[in-house]
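> Take a look at this one; I'll ask things after.
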Amino acid sequence: MRSGAERRGSSAAASPGSPPPGRARPAGSDAPSALPPPAAGQPRARDSGDVRSQPRPLFQWSKWKKRMGSSMSAATARRPVFDDKEDVNFDHFQILRAIGKGSFGKVCIVQKRDTEKMYAMKYMNKQQCIERDEVRNVFRELEILQEIEHVFLVNLWYSFQDEEDMFMVVDLLLGGDLRYHLQQNVQFSEDTVRLYICEMALALDYLRGQHIIHRDVKPDNILLDERGHAHLTDFNIATIIKDGERATALAGTKPYMAPEIFHSFVNGGTGYSFEVDWWSVGVMAYELLRGWRPYDIHSSNAVESLVQLFSTVSVQYVPTWSKEMVALLRKLLTVNPEHRLSSLQDVQAAPALAGVLWDHLSEKRVEPGFVPNKGRLHCDPTFELEEMILESRPLHKKKKRLAKNKSRDNSRDSSQSENDYLQDCLDAIQQDFVIFNREKLKRSQDLPREPLPAPESRDAAEPVEDEAERSALPMCGPICPSAGSG
């Protein structure tokens with residue numbers, strides 16, 4: 001096992017964890033920003049990939065849980081009981097705190113009032129989604145999440161809506177995303193990165209079986225649980241392809257997008273398939289080990305220039321990395337998708353992963369090298385400040401605001417609507433949004449099935465609902481046109 005100093009550096013000219021001269025690590029979601037050196041005596045996270053710089057505790061999570069637990073236990077006797085036939089809605093949850101902000105939604109921690117289970121709740125403002133042409137993406141993500149469940153995914157439990165927002169309630173993972181830990185200058189060991197590669201390999205293998213290309217695998221979209229296991233999230237630009245089909249749309253985050261996506265967009269051709277997600281895993285793994293990505297690509301780069309870049313620039317590997325890890329990264333970062341490592345079988349055959357107990361891994365019986373500090377909530381505390389101070393429609397004031405809006409709408413002549421188009425879109429979303437309850441679905445699957453009665457004879461043929469039409473996800477159609485992303 002190498003020291004933390006060895007794991008970042010590649011030469012004496014650059015300090016460990018620093019980009020080469022003239023290549024500063026960019027800020028923002030595409031890449032982590034450098035932080036000042038740690039103060040003396042600052043705590044270090046337990047890891048074979050340790051931490052150089054840890055911030056002061058943002059949130060005493062264990063104390064908060066203890067305090068909330070005592071107050072909630074007193075209320076357990078009067079815990080609400082919701083009608084099982086009633087659709088889940090906003091009133092079924094207690095909002096605890098804001099923890100994040102996505103591409104077009106926000107995330108908070110919630111507790112379901114009847115079961116006291118904790119979840120993360122993502123909510124997206126309908127009007128903003130319409131204005132940003134994101135309605136189709138939200139509906140596609142819902143369609144996908146309602147059909148999948150895996151140990152290394154962030155799984156959907158409930159979806160519902162109100163007049164303002166669409167809600168997705170998912171697994172709560174308290175370990176933070178890998179982008180956050182990169183920004184905290186966590187030095188990930190090879191063993192830790194190997195585990196992430198394996199866990200993502202199992203997730204991608206499952207998604208392939210469901211005909212799903214994620215298209216946005218990156219540190220921002222990989223969340224850790226309290227024990228340090230990795231889970232893939234954010235399916236808002238994922239796509240479903242049938243056997244033999246290829247995707248063609250330019251979709252993803254540029255620094256993590258595979259060369260064939262750019263090539264397909266610029267030169268046409270046959271498109272791309274599941275191999276693109278494995279390239280992204282390679283970029284992510286390289287970044288976790290070195291602190292910056294293998295290619296100097298940013299969102300501002302022209303697509304045409306990126307096609308040229310992959311044929312002219314070679315990836316540089318750190319001499320201190322093991323030859324097995326370098327070989328694994330080379331296979332993941334192979335420009336030609338036909339020669340790229342891009343299946344679970346390929347990964348399992350890699351020498352770098354020869355000792356992995358895959359059965360134990362799929363049951364989370366392999367202990368991660370990096371375990372997030374349980375005394376902190378691993379997110380930016382400004383999210384909660386923004387929600388409380390800057391947000392014009394804060395979630396904690398929703399009930400009062402909706403009641404006020406309802407009263408105002410009832411007193412106004414509907415024929416004087418300022419924006420008929422917007423209202424038509426909102427009405428279409430209200431009608432087409434799919435409500436989902438995985439908890440109820442699991443209960444119904446566990447019930448013993450009674451034998452079906454013999455069908456009665458019918459004098460006249462009854463119309464039969466078309467199966468494809470029944471299973472198709474309704475969209476806003478011509479009212480709220482959104483670009484597809486095949």
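Placed from the backbone N, Cα and C atoms, the Cβ positions cover glycine too.
According to Swiss-Prot, the feature phosphoserine maps to Ser10, Ser15, Ser18. Residues annotated as compositional bias 'Low complexity' in Swiss-Prot: 24-33. The domain 'Protein kinase' feature in Swiss-Prot is assigned to 93-353; the stated evidence is sequence analysis. Swiss-Prot lists Ile99, Gly100, Lys101, Gly102, Ser103, Phe104, Gly105, Lys106, Val107, Lys122 with the feature ATP binding site, giving similarity to another entry as the kind of evidence. Taken from Swiss-Prot, the feature active site, proton acceptor covers Asp216. If you look up Swiss-Prot, you'll see 396-405 marked as compositional bias 'Basic residues'.
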> Work out how many Å separate Ile99 (ATP binding site) and Asp216 (active site, proton acceptor) at their Cα atoms, rounded off.
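About 21 Å separates the two Cα atoms.
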> Restricting to the same chain and to sequence separations of six or more, state which residues have a Cβ under 8 Å from that of Gly105 (ATP binding site).
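Same-chain residues close to Gly105 (ATP binding site) (Cβ under 8 Å, separated by 6 or more) are Lys122, Tyr123, Met124.
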> Since the record lists Ile99, Val107 as binding-site residues, which of them has the fewest other Cβ atoms within 10 Å of its Cβ?
Val107
> I'm trying to understand the geometry here, so how far is the Cα atom of Val107 (ATP binding site) from the Cα atom of Asp216 (active site, proton acceptor), in Å to the nearest whole number?
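Here the two Cα atoms are 18 Å apart.
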> Quick check for the class: what is the C-alpha distance, in angstrom and rounded, between Asp216 (active site, proton acceptor) and Lys101 (ATP binding site)?
16
> Give me the count of other Cβ atoms within 10 A of the Cβ belonging to the residue listed as 'active site, proton acceptor'.
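That number is 22.
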> Count the Cβ atoms, other than its own, that fall within 10 Å of the Cβ of Lys101 (ATP binding site), considering every protein chain shown.
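For Lys101 (ATP binding site), the count of other Cβ atoms within 10 Å is 17.
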